[in-house]
Amino acid sequence: MSELEKAMVALIDVFHQYSGREGDKHKLKKSELKELINNELSHFLEEIKEQEVVDKVMETLDEDGDGECDFQEFMAFVSMVTTACHEFFEHE
């Protein structure tokens, strides 16, 4: 398996490690998203302690307005964070 394919499998695995703990196994609730960000993105994003921050992140991601983050919305978030990190490291 190529490095890119391994990365894709890892993204899918991480999403499903957190989704469905509290409901729909194909979506992240706010608490699941917060835990995922704090555990899996701690080197790129500061730990989220304030509920208002989680609410704002979810509001931005939740394109269909169902109050949860599906895989497509999660991938849009990962893409935004990855792009921001790429731009940061490119200028170092």
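In case you wondered, yes, glycine gets a Cβ from its N, Cα and C as well.
Feature annotations, courtesy of Swiss-Prot:
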type: BINDING; residues: H16, H26, H86, H91; note: Zn(2+) binding site
type: BINDING; residues: S19, E22, K27, E32; note: Ca(2+) 1 binding site
type: BINDING; residues: D62, D64, D66, E68, E73; note: Ca(2+) 2 binding site
type: DOMAIN; residues: 13-48; note: domain 'EF-hand 1'
type: DOMAIN; residues: 49-84; note: domain 'EF-hand 2'
type: MOD_RES; residues: S2; note: N-acetylserine
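All features noted in Swiss-Prot, drawn onto the structure.
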residue: S2; record: N-acetylserine; Cβ within 10 Å: 7
residue: H16; record: Zn(2+) binding site; Cβ within 10 Å: 13
residue: E22; record: Ca(2+) 1 binding site; Cβ within 10 Å: 14
residue: H26; record: Zn(2+) binding site; Cβ within 10 Å: 12
residue: K27; record: Ca(2+) 1 binding site; Cβ within 10 Å: 21
residue: D64; record: Ca(2+) 2 binding site; Cβ within 10 Å: 10
residue: D66; record: Ca(2+) 2 binding site; Cβ within 10 Å: 11
residue: E68; record: Ca(2+) 2 binding site; Cβ within 10 Å: 21
residue: E73; record: Ca(2+) 2 binding site; Cβ within 10 Å: 20
residue: H86; record: Zn(2+) binding site; Cβ within 10 Å: 10
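Within its own chain, the domain 'EF-hand 2' (49-84) is flanked in space by residues 11-12, 15, 19, 23-24, 26-31, 33-34, 37, 41, which lie at least six positions past its ends and keep a Cβ under 8 Å from the stretch. Each residue in the domain 'EF-hand 2' (49-84) gets a DSSP state, and the totals come to 25 helix, 2 strand, 9 coil. Break the domain 'EF-hand 1' (13-48) down by DSSP state and the numbers are 17 helix, 2 strand, 17 coil. E73 (Ca(2+) 2 binding site) and the residue listed as 'N-acetylserine' have their C-alpha atoms 25 Å apart, to the nearest angstrom. Comparing CA positions across the recorded positions S2, S19, E32, D62, D66, the one lying closest to H26 (Zn(2+) binding site) turns out to be S19.
Other residues of the same chain near the Ca(2+) 2 site, with their Cβ within 8 Å of the Cβ centroid of D62, D64, D66, E68, E73, are K27, L61, E63, G65, G67, C69, D70. Here the Cα atom of E22 (Ca(2+) 1 binding site) is found 15 Å from that of D66 (Ca(2+) 2 binding site). Ranking the recorded positions S2, H16, S19, K27, H86 by Cα distance from D66 (Ca(2+) 2 binding site) puts K27 first. In the three-state DSSP scheme, the residue listed as 'N-acetylserine' is classed as coil. Apart from the site residues S19, E22, K27, E32, the chain places the Cβ of Y18, G20, R21, G23, D24, K25, L28, K29, L33, E68, C69 no farther than 8 Å from the centroid of the site's Cβ atoms, the recorded Ca(2+) 1 location. Counted within 10 Å of its Cβ, the other Cβ atoms near D62 (Ca(2+) 2 binding site) come to 18, all protein chains included.
Comparing CA positions across the recorded positions S2, D62, D64, E68, H86, the one lying closest to S19 (Ca(2+) 1 binding site) turns out to be E68. Nearest in space to H86 (Zn(2+) binding site), taking C-alpha to C-alpha distance over the recorded positions S2, E32, D62, D64, is S2.
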